[in-house]
Each structure stands twice: as C-alpha cells, then as structure tokens.
Amino acid sequence: MSDKEKQEQLHPFLSKHVPSQISNTQKLCYRHRPDLVKNRGPDEFINAQKIQKQMEKLATSDKEAISHIWSLFAAAPADQRTLILQGLVSTCCMPQLSFLHNVTKPLLRIDFVSILPIEVVLSIFSYLDATTLCHAAQVSQTWKKLADDDSLWHRMCEQHIDKKCAKCGWGLPLLDKTRSQAVRKRPLLTPIQLACGPSISATANNEINNNDARKRRKSNNHHGAVTNLSHEPLVQQPTPTIAVAKRPWKDVYSERLVVERNWRSNNHTLLSLRGGHKDGVMCVQFDEILKIVVTGSFDKTVCVWDLETGALRQTLRGHSRCVRALQFDDAKLVTGAMDNTLKIWNYQTGQCIRTLEGHTGGVLSLHFDSRILASGSTDHTIRLWNFQVGECYTLSGHTEWVNSVRICHQGTMLVSSSDDSTVRLWDLQNRSCTRVYRGHVGQVQVALPSPHGFTHRLDNATETNASPHTASSSTSISTSTSSASTSASTSLQQQRPGCAVSATNLVYNATAPNNVQPFPSSTLHKKPIETSDAPIIISSALDNTIKIWNTATGACLKTLFGHVQGIWGLAFDKLRIVSGSHDKTIRVWDTETATCLYALEGHNGPVTAIALSDTKIISASDDGEVKIWDFGFNNNVNK
C-alpha cells in the first residue's frame, strides 16, 4: 500500500477524533491534561528520551509504521483505545506482558497534591504527625512548600508545646524563659514593691545607665517617678515601627523537639558551682532570663552565681544561723534562716533592706506572690505577711516543723507540709485549714500544688489501696485556728548596682540510657486520652515516696517508688517530676505513668534541694556543691 493510500485511510479517522479532544481538554484524563503535564515525574521524561533514541536507530519505513500506530491510538476515543489494547494484549508473549506489568505500576501513581485545591491538600496534611510531614516535604518542591506551611506547624505546636499530646503521648517544653529579654515587659508596681519603697528597677537603671539620661528618664516615668523634663521636646516624635521577623513554626517545633529528645535520652551537660559555700547547700532557685542562680547554705551565707559561666557574682552575709529557704524575682530576694528571721535583700548590691521578725523558731520555708509572703517555721506555725494591707497573721494546725509553704489559686489558698507527716490546704480568706492529706509515714519535706491551667490524665488512676490515704475535712479538726497580729510595714531602700567575681567549674557530657525512646510516634496511643484540669498536689517525704493527690477529694492518685532513702527536694512541671534524695541521686519521672525515666548521679552527699526549668535541673547537696544539668538545645549544636 502506497503512502498516499495510507494517508487517505488515516485522515478521516484523525480528522474525526483529534479536534474534539483538543477543544475540550477538561475531559482528558490526569495524564493528558496540558495543564498537568508539567507535574509528571522526571522518570517519564527520561523514558521518552530513551524511546526517541531507539526510534532513531530504526529504518525510515519502520519509523513511519510505528508513528502511524501511535497516532491512531492517541486519536482514538476512550472506548476504542480499550478495544485496541485488548487486541494488543491478546497477541503479547510472556516477556511483553511482564514488561507491561513493570512499566504500568509506577505510572498508575497519581500526585494528588498537584490536582487538588491547596485548601484540600492542607486539610489532608493536617492529619499527619510531625515525622510524616517531614517525610512529605522530601517528595518534591511542591510537597515541601505545602508540608512546611506555617498553619500546619502552628497547629502542631499548639498540640504539643507545654502539654502532652493526647494522640502520641509526647509533650514539648515551652521555652518561654529563653526568649529575648528585649521583649520582656516589666510589670507595674506590686503591693510588695510598694511596701518596700521606690522601685528597685528604676534605681538600677540610674546606676547602670549613667551615660543614657534619656533612657533613665523613661524608665523612671514608667514607674511613676518625678523627673526633670526641661530637656525633653514638647512634641514627641513618633517612634518608627520596626517589623519583627517571625520565626517559622516548624523551626519553633524543631527546637523544642530537640530539647525534649535530650530530656528523654538523658543527653545533658553538667556544670558544677564550687568555691562559694563552705558547708551544705539547703536551698536553690534560678532564673534563665536574669541568668542567675541563688543558693543558701549551712554556712549562713547566700551566694548569687552566674547561670551561664558558673562564676560567683555576690555573697550575702547577715543571717546568724543557716539559711534554709529563699525566693527571688527581678527586684528582690527574700531569705529565711534558723535565726528566726526573714530578710529582704537587694541581691545585686548585697544590701539587706529589711528584716522580718515574728517567728519564735527557725524559718524553714517561704513563698511569696505579688502581695503576700508566707513562711513556715520550727515553731509549728505559718505566718502570712500581707504587704497590701500591712499586716501579719498566723495559721496554726501543724504539730511539728513546717517544711514547705506554697501560695496557690491566685493567692486565695496555701499548701503546707510538715514533719507531722501531713499536707494541709489552707483558705487564706477565712484563715482556716480546709483539708488535711494523710498517707505519708515519714516527715513530708515538700508539697507543691499544680499551677493554674495545669492539665493531666491522673483522675482515672486513683490507687486501689488508697483507702488509708484519706483527707480530713476542716470541720473535724479542732487544732486549726488562726490568730492575727498586725505589723506596720516600713519603707525599704532599694538599689540595683552591678556585680562580678569568679568561681571554678567542671563540664562534661553524660551518656544516654538505652531504654528511652527519643522519637515521637503516633501509635503510642490509638485513641485520644481525656485530660483533666482538676488541681493536684505532689508531695515528697522521708518515707522514700512521692505522692500525687487530688486537691478537691483528697484521694491519692499515685505513689512513686524508686528512691531508697528519704526525699528532700522536689520540683515538677507539665511534663516531668524531678526529685532529690538522701541517697545522693536525682530521679526524673514521667508524671502520668509514675515511672522513673532515669537517675542522675554525681553528688557526694544527700541532694537537699531541686530547681527545674524547661531546659535545666539545678540540684544542691549537703556536700556543698551545686550542679547544673543542662538539657538545652545547645547540647546538640555543640556536637
């Protein structure tokens, strides 16, 4: 058959079917739509190049014959294509059928991301966990752009940061205290600052920023101080707004995931603070924004350390007996000692601003908020120093030393623990004990209430043997009485100069245990577990146990066993519990499962106090050393 005859036979077929396909491209399948051709995988273009090279090796007549076959098949409608394929397949041999099987399998995969609306794709991606999203970002540039969408990772952060995910069981630290100090706004004067006179921070700015008078005046005006404005322009110039670069939520999630993996795998660095105390350290607190650590000791001194370098900044002397309790904020430091007094310090100058007297025994514990200072003593009483109204009153009920006090519920309640083996909940408005928690068989050293907004999954885990761990109502307690005595508050001189000096330190890397899973998995919990915001109290005692109580019902939800000697120090957050014991170890616990994740060893004496943040544990010991266990992000960066 001549070429002319072939063209006469093909022309009617092609002229009939090709125009209808070109005019309506939306009816074409996924592989043939012109707008989707660009989304084909690179393998298809490579195969097309291979076919072209093979065609070039054939004779001209063979090329024309194969081209006619392809043209007829491409122009045929869908039903006729199927008919042509059925005839071709029926004539194929086994090697050809095997070839078809291998070739068609990858071609049947459809990139739904390229054909679905972006909103639908993001909705599908919202069901993926973080690991799967990262895998999706490796498929192609289009997938990466959608898998890295800020809204997806913002949802991921909301689901995991500062809480445990109900699906995977993982929680990530908040790390809010490591943000830039420049964005931190100072609060207005609180009643306790008003009782102490002019603002410490305003005076500090006068001393620190002597070369910047304009900044000093602004700082004083913020706190209500009167300044000379003669050099200020009458019309203030508008302050130019500076656009703050926003971090991608994926970076926020990744940074916190690294920290949480460090916690789970016990990957930390260790810094020892030495050369400051000559006797056992009994109390410790630190602040990651101010970058300081404050410790109190049996040697009657209080030391202020640099959190990053371990250098000794300041040593405060004034107590005549050992310092057993302390607390500080960005303006003041309050200490309690066995000399029956509490002292308020300017911890940057080392000056004692005021001494509070009232206890007839040594002060073992203290805690303050914006308006109230609470203290517990060996005289079996708790004293409340209300700086807002200028009075002091006493809560009586414990029959032994009061080892810890903690103000909670926005200053309306107080939790205390004592050597009488009980934990008590006090109503500060009625000045009475509302509940007694009994269950420990040793002196209770620490009792900590859960903070506002704390959620957990402990309500369904009440101990079956918790019948003896009952809480008594205040109606059956005849010893719960309160007596009030007023004391006028005097003005306190407040300053805030600088500091410096050095101390020795030691740094080394700790090894990670092998039984901790450092990666989140969506299969840990098949069904979401309901959370509760019911308040709880966590207590530790010299009976070697930690107990978790339901504040409202008094039920003991869990008892944590692991230490072989009494527990002196305790701290917890939304993700973990940390305890320090007389057995010289520190244990890190999972709050919900009540299991010990691992034990930290390194102290040569009993661990007397514990402080906890999102990235650090700071422990104090009777051996006179303070250790900083850092689980932060920089551990991995340095490696």
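Each Cβ is built from the backbone N, Cα and C atoms, and glycine gets one as well.
According to TrEMBL, the domain 'F-box' annotation covers 110-156. Marked as region 'Disordered' by TrEMBL: 205-231, 452-494. The repeat 'WD' annotation in TrEMBL covers 274-315, 316-355, 356-395, 395-436, 533-559, 560-599, 600-639. Annotation source TrEMBL lists compositional bias 'Low complexity' at 470-491.
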When DSSP states are grouped into helix, strand and coil, how many residues of the repeat 'WD' (560-599) land in each? 0 helix, 24 strand, 16 coil
With the cut-off at Cβ under 8 Å and a gap of six or more residues from its ends, the chain residues touching the repeat 'WD' (560-599) are 162-164, 171, 173, 260, 263-264, 266, 442-443, 445-446, 448, 454-458, 461, 513, 516, 538-548, 605-612, 614, 617, 619-621, 629
State the residues, same chain only, that lie 6 or more residues beyond the ends of the repeat 'WD' (533-559) and have a CB under 8 A from a CB inside it; answer 'none' if no residue qualifies. 408-409, 415, 417, 421, 423, 425, 435, 437, 439-450, 453-456, 458-459, 461-463, 466, 469-472, 565-570, 572, 577, 579, 581-582, 589, 591, 594
In the repeat 'WD' (395-436), how many residues does DSSP call helix, how many strand, and how many coil? 0 helix, 26 strand, 16 coil
